[in-house]
């Protein structure tokens, strides 16, 4: 039975049983703690947690899943895969154990004619949680399984929870006995190679509390609504039904192996273990890479992008080790498309983009391999010669830092060479590099101050931020610093009064973070110190908890312990909130137009302006850009309420709140919700109260800021109005100058540009015609030096090196077969001095070579040049030396001609 038929029968079975068919989610979700979707139930987590009401009581899906912790084991064994398909059925308070067991049993053992898989009931075993007597009874009643084929296991194997407080419950796993040839009997407990797990049924019936491990937590009581979550491994069912030994022999991966075998000089499964491992790595990783790129991941240096890069690099290197010559990744992507396209149409419709990204990574990595492999070979050879067994951490670091070798590649190559790698030393050097980078960044931020000076205040506790609720707060000065040194008092006009840092116990001034730049404002004295006033120019965080206000003392004095009033410039804050809320709106619009794969990669917002970086391959079309701007402004005009609240991290994620991947978050997070479902993000910044306060959003442009990362820039609010007014005035000026209505300006400009280009072409044609006429005259007036005909001339201005190279060839052809040399030089644009020399075969026979003569031209004009004996060229910088250069050529020819 082909895999696409296995999938179809699964979905048909559950749809007939009243389930709603739900498409697979993307393998990437907005969850900072989840690298990839790795289970079928992930997209349903909000329903299981009760954070959202499910739109259907039961559902079925076949989810794309990726697991990469065991990536190094892929290929070495046939059990590990980085991509797999999890077929599942789910009940949200509808049916429970009996129905779940009945549905699974009838599909597995039902006849092929009736839509089942036709598995032999006598070869099916199950495991249950050790005290789940109900499950044992149901298996006996429904399936007639004898007691010896129902094995009890503990929490480690047969009890499920998410690892946090929430739903939990026992599970029952279904296994298939492959027969005696695969090992000893005794059921799954004895041998999981012979007994293959096909399906896991999870009975969510209880609520768990906090715990210390997977198996150590408190059961708080029964759930008000019991749920079902099941997962059947499509690939495992496929290799059982197709009668093969493992997933690599199924119709999903065997075509990739066959495609590799067609290019490799050595076949698969011919008794060479290392080669077989390489075949399997290529097959597995190619499939996973295609799925990842299809879901919007692009190769990068961290997170999901790094996983993709590592997978592709392992494919490329495995192909090299199989002695496959030339590029192969494009062919592999096509094979994956053909094998999996029926199940995943995006692999077909988006194939050009998928192949382009994969091939670009192959090209780049081949350059890395070429550069670094030579050094690795030298390092490995030296290591062995000294009798050492391990490549030093320093050498591994050099390979990484200089040649871009990831440590995993160095480990892999070292293992093949019979060596180990000092990973500890490597990690220490990497950590030191990161420490230096952080120290440099901190030093730049804090004017190279000694940050240990703030340690006492950091240890005393965090600064209280009051700026969400008020723009002015009474506070106490906890510390005063000048140039990083703590001082008791600072006075206007005193030394360092413009370089002061004040630490307060509380403040309404926002410290730069989360892409939002710091507030501006004032800190003023009270009471006897009323005359003291300082302008706040920046606010930074130290150790994430201590707000440091950089100020310029404008009057009076500040003393540690004084009570002061810290106030935000309200106009600045208004602009900052417009920029930050505008960023959220643009992010939501991007995802609405481009899809969930447009993942945030960074942002900057300040009053009136926002900048948003996101993961995306290739530039946006004009239509996409216009649509993003329109969706954003429609949401702004909708006057959505902006609602902020704190929530448990897991609950917020279950609600669908977007988080930055790779960021660490506390257990309690702040959520910013704009317009209900329109935008929901984890965010600690300041925002408007409703979307209409943002004002218009004008996208200025979109550009690339790195491989797979695009940037959108926009004005918001009054700055957007000003920009539009400026553009309107510019258009009016153009219309006036061109004497056409504004709406006709683009067509008029296009017409003028076309006419200008035509005129430029005609001028170029006339210039070249004039130059060729001059060439004919030059040939006719050639001088003789000895028995050599020589044309050595200064040409008219504006000539390029290409012009001169063409002309010397033309003139040389007109001088006949006698020894002849042509040397032309001109004063080009921008003070450049291009020149070219040609020597015919007869002149070369006398020892006169163009590449020698070009050096004579070069010296007087401060230039350089090179070429071959028949043709050479160059360029200089000093037009004053042109005549001397031509004289030098004539002298050189005369000297050689006399010798000849």
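Here the Cβ of each residue, glycine as well, is placed from N, Cα and C on the backbone.
Straight from Swiss-Prot, the features:
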- 580, 584, 683, 687: Zn(2+) binding site (BINDING)
Check your understanding: Which are the residues of the chain, 580, 584, 683, 687 excluded, whose CB is within 8 A of where the CB atoms of the Zn(2+) site average out, their centroid?
Key -> 516, 577, 581, 583, 642, 672, 674, 681, 685, 686
Practice item. Please classify the secondary structure at residue 580 (Zn(2+) binding site) using three-state DSSP. Key: helix
Point to revise | C-beta crowding around residue 687 (Zn(2+) binding site), within 10 angstroms | key: 25
Point to revise | Protein Cβ atoms within 10 Å of residue 683 (Zn(2+) binding site), excluding its own | key: 25
